[in-house]
Amino acid sequence: MTTFYTVVSWLIILGYWLLIAGVTLRILMKRRAVPSAMAWLLVIYILPLVGIVAYLSVGELHLGKRRAERARAMWPSTAKWLNDLKACKHIFAEENSAVASALFQLCERRQGIAGVKGNQLQLLTSSDDVMQALIRDIQLARHNIEMVFYIWQPGGMADQVAESLMAAARRGVHCRLMLDSAGSVAFFRSPWAGMMRNAGIEVVEALKVNLMRVFLRRMDLRQHRKMIMIDNYIAYTGSMNMVDPRYFKQDAGVGQWVDLMARMEGPVATAMGIVYSCDWEIETGKRLLPPPPDANIMPFEQASGHTIHTIASGPGFPEDLIHQALLTSVYAAREYLIMTTPYFVPSDDLLHAICTAAQRGVDVSIILPRKNDSLLVGWASRAFFSELLAAGVKIYQFEGGLLHTKSVLVDGELSLVGTVNLDMRSLWLNFEITLVIDDAGFGADLAEVQDDYISRSRLLDARLWVKRPFWQRVVERLFYFFSPLL
């Protein structure tokens, strides 16, 4: 019996070390950033069992077998649709401004289509303005309404949007709503999901959280897009979830969320429609291609029409494109660069690009919320401040609530707005969307919004920053080391 227990003990020890060695080899063989690999290895060696379970759960990008098969199956029809769209040469821009040219060329080569021109854009900077405009557009909708949100939180004006959407469905408008399972958990636990389905709305719970499948699909891969398409001609996107800030996370101690949305009319709605089509097919298996190009996507004749490229990220979309777009934008800056984000945990490449821009004389400003709803990200963000300040970057801490706007403005002409945070999850993992706009008029509008943010912010003083307590520096460096995992 003693021999039996001895053999079993040695087999357990051998299996334990083989498991650690196997996961180590798996990490080393995966193409990933070195800091991320080192962080994972450290976690596994310090807490082997916890680290291995965590890595197998959230360390690799698993879309799930069924969704991955759908993503592969949809591309032939999607490619044909894109080729048909290319035949509508009148909607595509033939040239761009000097500051935007490299980025638009990158997007065209990687996504297969050029930026679309002749769009009309309107920046909406308050939740009331967004929801009032949306309710009006829903009431006028005639054919179809598609929406996707990370969070839909019942309460306040969000309920008025829901009521108008149900009324549209009852009068025959085809309405589809896709919401992230984790972000919209309060919605799916409320009566609203059933009420909408009873009204005729197709409601889909995207990337459903299921702990029984934790090793088969990455549970923290989330549908983070915020998009609305109406009649294939009107579109919205930006940072705002379908929430009324007066009713959302009031106990978080960060104030009301501050967001920005863009309302668009023109052919960009068609480009966004194909993104929604791909998301819908990956999640449901149902093909929902936008209608073929026709006169409805004729561009505006006014010279003020905006040129826009839509960048989508996530499994099934061009890998690393949003990260490349941000790098290209930063390196294109010659005069000034303004960035707003609620969560700032940049890649090494992006951090160095921002610092280099400041060191070569570009006026670089980053606007962040002073109080953050994520303790981990808040501390990790602070770990980058010293390097940024030393390079000459101005860091503004917004004091008017949780600044949730994601925007980049380069030299007053190239703008990026959408759902992408400057952190690892948005850059490498989630389903995201960003609009790239080449237009000085829109740039002036965005600059006005950013100036308002700055007026409600406190400029971080580099001299005071270096005097912060030692314990804060220790906590910052700890979270900095694990920032590749956040």
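Residue 1 is the first one shown; counting continues down the chain.
Glycine residues also receive a Cβ, built from the backbone N, Cα and C atoms like all the rest.
Per Swiss-Prot, active site is recorded for H224 (among others), and the stated evidence type is sequence analysis. Listed in sequence order, Y150, D180, G183, T419, S426, N430, F431, E432 are the same-chain residues six or more apart from H224 (active site) with CB atoms under 8 A from its CB.
Marked as active site by Swiss-Prot on the basis of sequence analysis: K226 (among others). A coil conformation is recorded for K226 (active site) in the three-state DSSP classification, outside any helix or strand.
Listed in sequence order, A141, R142, H143, N144, I145 are the same-chain residues six or more apart from D231 (active site) with CB atoms under 8 A from its CB. Under the heading active site, Swiss-Prot lists D231 (among others), citing sequence analysis as support.
Taken residue by residue with DSSP, H404 (active site) is part of neither helix nor strand, so it is coil. In the structure as shown, the Cβ atom of H404 (active site) sits within 10 Å of 24 other Cβ atoms. Look at Swiss-Prot and you will find H404 (among others) tagged as active site.
Per Swiss-Prot, the feature active site maps to K406 (among others).
The annotation active site is assigned in Swiss-Prot to D411 (among others) on the grounds of sequence analysis. Counting every protein chain shown, 19 other Cβ atoms lie within 10 Å of the Cβ of D411 (active site).
Taken together, the residues of the domain 'PLD phosphodiesterase 1' (219-246) have an average pLDDT of 92. Positions annotated as domain 'PLD phosphodiesterase 1' by Swiss-Prot, on the basis of sequence analysis: 219-246.
The domain 'PLD phosphodiesterase 2' annotation in Swiss-Prot covers 399-426.
Distant neighbours of the transmembrane segment (3-23): 44-45, 48, 52, 55-56; these residues of the same chain sit at least 6 beyond its ends, with a Cβ under 8 Å from one of its Cβ atoms. Annotated transmembrane segment per Swiss-Prot: 3-23 (among others), in sequence order, evidence recorded as sequence analysis.
According to Swiss-Prot, the transmembrane segment annotation covers 38-58 (among others).
Other Cβ atoms within 10 Å of the Cβ of K226 (active site), summed over all protein chains shown, number 23. Each residue contributes its Cα atom, and for H404 (active site) and D411 (active site) those atoms are 22 Å apart. Geometry remark: K226 (active site) versus D411 (active site), CA distance 27 Å.
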